[in-house]
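Student: Quick paste of what Swiss-Prot says about this protein:
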- 1-9: topological domain 'Cytoplasmic' (TOPO_DOM)
- 10-29: transmembrane segment (TRANSMEM)
- 30-80: topological domain 'Lumenal' (TOPO_DOM)
- CYS43-CYS51: disulfide bond (DISULFID)
- ASN80, TYR139: (S)-warfarin binding site (BINDING)
- 81-95: transmembrane segment (TRANSMEM)
- 96-100: topological domain 'Cytoplasmic' (TOPO_DOM)
- 101-128: transmembrane segment (TRANSMEM)
- CYS132-CYS135: disulfide bond (DISULFID)
- 132-153: transmembrane segment (TRANSMEM)
- CYS135, TYR139: phylloquinone binding site (BINDING)
- 154-163: topological domain 'Cytoplasmic' (TOPO_DOM)
Amino acid sequence: MGATWRSPGWVRLALCLAGLVLSLYALHVKAARARDRDYRALCDVGTAISCSRVFSSRWGRGFGLVEHVLGKDSILNQSNSIFGCIFYTLQLLLGCLQGRWASVLLRLSCLVSLAGSVYLAWILFFVLYDFCIVCITTYAINVGLTVLSFREVQGPQGKVKGH
């Protein structure tokens with residue numbers, strides 16, 4: 001049976017919009033920093049709390065991996081924020097669809113985002129020795145979306161929906 005439309009729910013809508021806004025803000029900060037090396041973003045609180053330094057690092061593009069695997073000029077070697085915008089839009093759209101494949105894609109994309117969040121958090125703390133407020137907030141949003149996606153599969157007493 002095909003997928004049908006439904007409301008994504010207020011929590012998913014709020015999380016996706018917050019993630020999208022933060023991803024767009026990260027793109028803005030990265031672009032402003034590229035134009036002006038002295039640019040100071042609102043999220044740049046100090047030397048060890050600097051989102052613009054994180055966004056401008058080699059790990060702020062293609063997760064620090066794409067350039068080494070596919071080359072610097074690969075179309076996939078984009079700012080991580082671009083992937084964030086795509087992810088949060090996809091989460092919102094898939095959250096509006098009712099159907100088995102939409103549910104599977106929703107949960108699978110959440111798990112991928114969770115793995116990416118753990119990887120980037122490790123880079124943030126143990127390689128860059130930084131604290132990025134925007135980054136940490138997006139990781140929390142990704143955890144929230146993952147929890148929400150798996151909760152939607154179960155009914156009120158923990159029973160799987162539709163069974």
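From the backbone N, Cα and C atoms, a Cβ is placed for every residue, glycine too.
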Student: For the recorded positions CYS43, ASN80, CYS132, CYS135, work out the Cβ neighbour count at 10 Å and name the residue with the minimum.
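Tutor: Counting other Cβ atoms within 10 Å of each of the recorded positions CYS43, ASN80, CYS132, CYS135, the minimum falls on CYS43.
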Student: Please indicate, using numbers and ranges, the residues of the same chain that are 6 or more beyond the transmembrane segment (132-153) and have a C-beta under 8 Å from a C-beta there.
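Tutor: Sequence-remote neighbours of the transmembrane segment (132-153) are 9, 11-12, 15-16, 18-19, 22-23, 25-26, 29, 43, 45, 49-51, 54-55, 84, 91, 103, 106-107, 110-111, 113-114, 116-117, 120-121, 124, 160-161.
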Student: Any idea what DSSP makes of CYS43 (disulfide bond), helix, strand or coil?
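Tutor: Looking at the DSSP assignment, CYS43 (disulfide bond) belongs to neither helix nor strand, so coil.
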Student: Pop the Cα-Cα gap between CYS132 (disulfide bond) and CYS51 (disulfide bond) into the table, whole Å please.
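Tutor: Taking the Cα atoms only, CYS51 (disulfide bond) lies 5 Å from CYS132 (disulfide bond).
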Student: Between the Cα atoms of CYS132 (disulfide bond) and CYS43 (disulfide bond), what distance do you get, rounded to the nearest Å?
Tutor: 7
